[in-house]
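Participant: Got a structure for you, questions after.
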Amino acid sequence: MLWVRSIRSNLRPSVLGFHCCWYSASAAAVQAERTIKEGPRHDWTRPEIKSVYDSPILDLLFHGAQVHRHAHNFREVQQCTLLSIKTGGCSEDCAYCPQSSRYGTGVKAQRLMNKDSVIEAAKKAKEAGSTRFCMGAAWRDTVGRKTNFNQILEYVKEIREMGMEVCCTLGMLEKQQALELKKAGLTAYNHNLDTSREYYPNIITTRSYDERLQTLDFVREAGINVCCGGIIGLGETAEDRVGLLHTLATLPTHPESVPINALVAVKGTPLEDQKPVEIWEMIRMIATARIVMPSAMVRLSAGRVLFSMPEQALCFLAGANSIFTGEKLLTTPNNDYDADQLMFNVLGLLPRPPSLVDDVDAETSQAAASASASA
Ligand code: SF4
């Protein structure tokens, strides 16, 4: 029987109960199987993650998809909207960022948006299918910004009452501010590590990796979900990408949300001449993140505009389950609304509902959400 032969030839020897020399399982296969059996682990070594990352790309993609299907409803993709509520004029020197006041990018410094405009934008985002609304402010931190911070607490409360998940990215936080955001109903706080600890000083010199980790600790301790990922295409090596994933995957609790961004090089920034990220690099990053942090929402974030629909389909297959919709991602262009709706139809994707559970560990809540989604 031809079909029996072809199925058998696709099975790994361990499944068939014998070993021979014609097939050797990739690290992606081995680690994905372990993840499916044991659930999220926090004792990943860097060589383990590197070997997953270096697996043959189609094998990595396939096993990312296996873990994804085990941990999530694979058809669901969450739509999020990220609004820049305070644009430009930032004192930091992040080499990729057009909002830094140190670079001549043409982005003008603006004041904090008023409540009516922010709430209006959130309503529009909700009507367009977003279930998570993220507000970004171009600040080093929120220290000494009491008036603005209190305004943002109001925005958080109101948007949460609209039945949306609410996320903020306002720079470094102090412990007390994290607690106040939690009290206001904040779902998640975004603070990216951007890259590996080793490569980080090439990208940012005005605050340290450890300061970033400290903010993540405050966020987690306050009971807010952590959203933390990075950017590829900054001139880093594969080892740096693995270093970033290793830091995230060995945190005491994996981030509930891991945005994977591809650099959108902006004229006037130090990284203006970086070559665009290739889809294969994105797939490697997404599938590896999915295998090492199975419960996280892996978000196909900035740079999606660089990819065609079939390329984005490969990212969803590899394990991405969220996108950012809306005209802009902070200050850079984003995918067209109609094109995104068409993509949902063509790929048979389903909009993922908001997860509004309070005071729970992210891995537990994600596991519960996946279980109910696949029930
Ligand atoms: S990434 Fe954030 S902190 Fe860095 S320069 Fe841009 S706005 Fe400022």
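Quick reminder: no glycine exception, Cβ is built from N, Cα and C everywhere.
TrEMBL: automatically predicted annotations, no manual curation.
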Participant: Have a look through Cys90, Cys227 and flag the one TrEMBL assigns to the [2Fe-2S] cluster site that Cys134, Cys167, Arg299 belong to.
Facilitator: Cys227
Participant: With respect to ligand 1, which members of the binding-site residues Cys90, Cys134, Cys227, Arg299 satisfy a Cβ distance under 6 angstroms to one of its atoms?
Facilitator: Cys90
Participant: For Arg299 ([2Fe-2S] cluster binding site) and Cys94 ([4Fe-4S] cluster binding site), determine the Cα separation and express it in whole Å.
Facilitator: 21
Participant: Take the Cβ of Arg299 ([2Fe-2S] cluster binding site) and count every other Cβ within 10 Å, whichever protein chain it belongs to.
Facilitator: 26
Participant: For Cys94 ([4Fe-4S] cluster binding site), which of the three DSSP-derived states applies: helix, strand, or coil?
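Facilitator: Once the DSSP labels are grouped into three classes, Cys94 ([4Fe-4S] cluster binding site) ends up as coil.
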Participant: 10 Å Cβ neighbour count around Cys227 ([2Fe-2S] cluster binding site)?
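Facilitator: There are 28 of them.
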